[in-house]
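Student: Dropping a structure here in structure tokens format, bear with me for questions.
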Amino acid sequence: MTDDPVALLIEKCAAQDRAAFRALYRDTSAKLMGVLLRIVRERAEAEDALQEVYTRVWLRAGKYDPAKGRGMTWLIAITRNLAIDRLRARPDATSDDGLDMVQDSAPRAETRLVAMGEARRMADCFDTLEPERADAVRGAYLGGLSYVDLAARHAVPLNTMRTWLRRSLLRLKECLDQ
Amino acid sequence: MTDAPLTPRDADDAEAAEYVLGVQSLAERTASAARVKRDPEFAAMVADWENRFEGLNDGFDEAPAPNLLPAIEARLFPKPAKSPSRSGLWRWVSGAVFATAVVLLGLATLVPPKPALVAVLATADARLAYEVRHFGGELQITRVAGVPAVAGRVHELWLIAPGAAPISLGLLDRAELVVDYPRPPEGWTLAVSIEPAGGSPIGSPTGPVILAVEVGAET
């Protein structure tokens, strides 16, 4: 836990330490802004969502348990959840804007993954999936793609996509939990 | 792939993974979000998946964010009292179907053993009422009259600083809600809206505001 400065700051936030909250914003907002921009794809909305993210972080800090995961992982989970909620709540929720962007940056993401042990295991486990299915999982995680988006992108019926993805996820779990 | 159907446990786990990935439709997602809140086992599956996907987080590039701290802090932290502008909040509340609000403050000194009463959110006929109290860094919201929202809906509690966007303090699906929070100052508004099970999916009220009260009057 001492090697997780973000976790430490979140715990201080839980103790109502506002200086820690500012430090947390300083140290993590660029990453969370990156997550929001990638998923909601509009700067004004991303900035609005970023305010909401840190509001939630402050209010929920007491629920964070460093024994259950790293601080940054917790922050990114809150951020992705909000971003995806907003995406799904859009009237044009099936829009396929930004698909190209997701495809372009996915390989770059993976080359960087290899640098870290944890991330390497992830990459190895992705390798056990058919490339197209691994690509679908990544596109959903990083780009916020829905089943509808994925089915269109891979040109398969919605139910086929769902079956594919569910099986792939369970396979991924088996590999990662080994 | 059309092999055997998943076992119930695998189906739950797949739902947790789909929720974390975010591939579900809005309706499915709302249902899973509600399940996270009421089913600890499912919530644990979701947390496991968040950790499993950790290795992908490097795929998000950093992007410099403007300093939004002043706006965030204005939403979160009571400022030393200055005269609040009412227009912002009441513009937000207006138009909503809302019953009357009753403001009560100043009882604190009369009831020392009980947490200080901050406000009462009640309909005009008092058939639905929530008491908001503050004690030891916590806000305690208790339903003192009426019943929770109908199945598939939930009462959500909001706090609105003057001129700022509402923030959710949580769901009023049980008789009592306890939130770590400083005492809201005068001029701030507490409100209750009706939201889909699991709460507003977008972080601001989506349903009708049924109760609202401004924290007011001198202690």
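Think of each number as a place in line: the chain as shown, counted from 1.
Each residue, glycine too, has its Cβ placed from N, Cα and C.
Curation plays no part in TrEMBL annotations; they are all automatic predictions.
Pulled these features from TrEMBL for this protein:
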type   : residues  : note
DOMAIN : A:24-90   : domain 'RNA polymerase sigma-70 region 2'
DOMAIN : A:121-172 : domain 'RNA polymerase sigma factor 70 region 4 type 2'
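Any idea what these are sitting next to in the structure?
Tutor: Averaged across the domain 'RNA polymerase sigma-70 region 2' (A:24-90), pLDDT in this predicted model comes to 94.
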Student: Quick one: DSSP breakdown of the domain 'RNA polymerase sigma-70 region 2' (A:24-90) into helix, strand and coil?
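Tutor: Taking the domain 'RNA polymerase sigma-70 region 2' (A:24-90) as a whole: 60 helix, 0 strand, 7 coil.
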Student: Kindly report the helix/strand/coil residue split of the domain 'RNA polymerase sigma factor 70 region 4 type 2' (A:121-172) according to DSSP, in that order.
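Tutor: Once the DSSP states are binned, the domain 'RNA polymerase sigma factor 70 region 4 type 2' (A:121-172) shows 43 helix, 0 strand, 9 coil.
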